[in-house]
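To keep things clear, I will list the structure first and then write my remarks on it.
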């Protein structure tokens, strides 16, 4: 064997693409990054319990998905320290869990964010047009259907490719077209929902303000998601278009030239390992880290000076986003409260997140008056004057 190789290729040319020390350093760097994200999300889940936030909410489900995603990616890269051949030749179930399932979890987190903000927008519109509330079921069904379609396509493609029952190029083409189209659509939907939440002030932007997030930050995060996932789709399609159908080795990236996951069964080379890590960093670790940072758990205020007062009730800044998500389905009032407010006393049940509606003519030129919600809400004094909730009412 040695004589045949020496006759074909000079001995000096038989060197690895990357030195072993570089490969080991890359493995340590990849594992450390994913492990740091894992412990960061794990700590935030403990903060939910420590601060007394709602245990089952959009926020906790989102963090749990990110925790599982980071755990699977950390486990995958830990194989490459000593057991690289085993990582490249896994059985169908371990292969799907380590390579394919993290991509599905990432898509589920994206659809979860879309679902929540879409509900916020629909509930804001339903105040003026009650028939809009019927469309909320259609929105939920659409996102659930998209998640199931994404999961089904990825599972089938992974199983068929591992059993060699279909052409790898055809499977990759189907998966890339479906998966990346859904990623781009959901990213555009998330950006649109964030813009609507920010623009429909004050009825919806209260969520961003109470969260401590500005409109610019929300728009920047949405724009970053669109750019990242759109570039991901373009990269995948370009890799497939430039690769021959018989062997997918375009750009010398071996079978990791498609960024979603590995569907072919060739061994992972050193150059492919380097590019695989960079791809996961740009198109998986970076967007997930941005979302985790944007929806992180906040510490509630400990004193009344940093709390908000609404109709005599004191609310901390933790009444934001996902901590009160149960209000959407557990009977919290989203209806308009009618009648004049004559004092700062009252109950939360007679108001809504979006403020109250009074019957004082002359303000805004109509028969109804609409107060701004939560942080900027006002009540009527005895003389018909408006007094800010941050000032002492006149007696």
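Cβ coordinates are placed from backbone N, Cα and C, and glycine is handled just like the others.
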Tell me which range among 223-243, 244-264, 307-327 Swiss-Prot lists as transmembrane segment.
223-243
Can residue 274 and residue 300 be said to be on one side of the membrane, going by the domain names in Swiss-Prot?
no
Of 120-140, 141-161, which range does Swiss-Prot call transmembrane segment?
141-161
Model confidence for the topological domain 'Cytoplasmic' (296-395), as mean pLDDT, reads 44
Please list the DSSP helix, strand and coil residue counts for the topological domain 'Cytoplasmic' (111-140).
27 helix, 0 strand, 3 coil
Could you pull out which residues elsewhere in the chain have a CB under 8 Å from any CB of the transmembrane segment (61-81), counting only those six or more residues past its ends?
23-24, 27-28, 30-31, 34-35, 37-38, 41-42, 44-45, 48, 87, 97-99, 101-102, 105-106, 108-109, 112-113, 273, 277, 280, 284-285, 288, 291-292, 295, 297, 322
Per DSSP, how many helix, strand and coil residues does the topological domain 'Cytoplasmic' (53-60) have?
3 helix, 0 strand, 5 coil
Six or more residues out from either end of the transmembrane segment (176-196), which same-chain residues have a Cβ under 8 Å from its Cβ atoms?
103, 107, 110-111, 113-114, 117-118, 120-121, 146, 149-150, 153-154, 204, 218-219, 221-223, 225-226, 228-230, 232-233, 236-237, 240, 258, 260
